[in-house]
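Listed in Swiss-Prot for this protein:
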TRANSMEM  33-53  transmembrane segment
TRANSMEM  77-98  transmembrane segment
BINDING   H83, H182  heme b b562 binding site
BINDING   H97, H196  heme b b566 binding site
TRANSMEM  113-133  transmembrane segment
TRANSMEM  178-198  transmembrane segment
BINDING   H201  ubiquinone binding site
TRANSMEM  226-246  transmembrane segment
TRANSMEM  288-308  transmembrane segment
TRANSMEM  320-340  transmembrane segment
TRANSMEM  347-367  transmembrane segment
Amino acid sequence: MKILRKNHPLLKIINHSFIDLPAPSNISSWWNFGSLLGVCLMIQILTGLFLAMHYTSDTTTAFSSVAHICRDVNYGWLIRYLHANGASMFFICLFIHVGRGIYYGSYVLSETWNIGIILFLTTMATAFVGYVLPWGQMSFWGATVITNLLSAIPYIGNTLVEWIWGGFSVDKATLTRFFAFHFILPFIITAFVLVHLLFLHETGSNNPSGLNSDSDKIPFHPYYTIKDLLGILFLLMALMILALFFPDILGDPDNYTPANPLNTPAHIKPEWYFLFAYAILRSIPNKLGGVLALLLSIIILAAFPLLNTSKQHGLIFRPVTQTIYWIFIANLLVLTWIGGQPVEYPFTMIGQIASVIYFATIIVLMPVSNTIENNIIKL
């Protein structure tokens, strides 16, 4: 079996990626979230496949087809809630994975990092088009508001919006194409994941100390397969508790009302994992400026490898940047809270301050603290 594992053309790839892969001996549980994201992706594809068997992407029957899945399909309610809450678990793991990458300086592996940003954007796009499919009030108005942002693009904006809608408003054509996008994008994500792993295995993984670990490697199996399995058990336990006991806690009550173009909800807001970006979008009074800020809130992650001037790897021995990092995380939570609040004083003011802090920590404070710490080392 050992000979076959190492010589067979297909098994050899799996062996070098998951069995005999040399891994640093000191990587902590923060490194588990990559494998957890893989599990989340598999859960989403499988539950999504079963949902697609019963869902109809037509404006007249979409809402009732989701109700039919929950009421008449065997364990349809469970599949639906696993899929909906699986998306939340996916984004929790994604945020922690990116946060760990920033804290431990994983962005120095720039190819892996940049593919990760593309993955982040693609996952956000997938979640957005997926949220439209149940055709509830928030689905319809969320789709209308977010797609309408493209009209801010000079010259081609209005044409582009009508092209995406497939008409002059969000309607049957929009729902059908969003369903098509939602079905194909997870497979594109899977392809990008393989590229992400390819680049990661070219350079080897980072580790908490930030030091070169070439002299101290251990095989991935059994050490990290067991560790990942423990993480997967915790993930599945959290997902099942969420889906079985609190299935609607992260959803919006408005989405249990069928879409009505003549009745606008009091507060249009996206799912919780988009609220930080939505708060940044709303904090800028100009439409085009808001759209650019929204895009920059994610794309700015690509600036980390470019702005990194530190002589040390990661933040483990850098108290100044550590403090700024935790300010950044706290600020992100504030933005998430503000994104779910109505557009009125003092929320607008807090949102604007938090948006400035968000960009300032990445562009100004972290590079400045890098320079300060480099000078301290010289003393």
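FYI, residue positions are counted from 1 along the chain as it appears here.
Using the three backbone atoms N, Cα and C, a Cβ is placed for every residue, glycine included.
Proximity of the transmembrane segment (178-198) to the transmembrane segment (33-53) is established through 3 or more Cβ-Cβ distances under 8 Å for residue pairs spaced 6 or more apart. Looking at H182 (heme b b562 binding site) and H196 (heme b b566 binding site), their Cα atoms lie 21 Å from each other.
Counting C-beta pairs under 8 angstroms (sequence separation of 6 or more), the transmembrane segment (77-98) fails to reach the transmembrane segment (320-340), with fewer than 3 such pairs. The transmembrane segment (288-308) is not in contact with the transmembrane segment (33-53), judged by fewer than 3 CB-CB distances under 8 Å for residue pairs 6 or more apart in sequence. Of the Cβ pairs linking the transmembrane segment (226-246) with the transmembrane segment (33-53) and spaced 6 or more residues apart, 3 or more are under 8 Å, so the two regions touch. DSSP assigns H182 (heme b b562 binding site) to a helical segment in the three-state reduction. Remark: H196 (heme b b566 binding site) has T112, I115, G116, L119 as non-local neighbours, by Cβ distance under 8 Å and separation of at least 6 in sequence.
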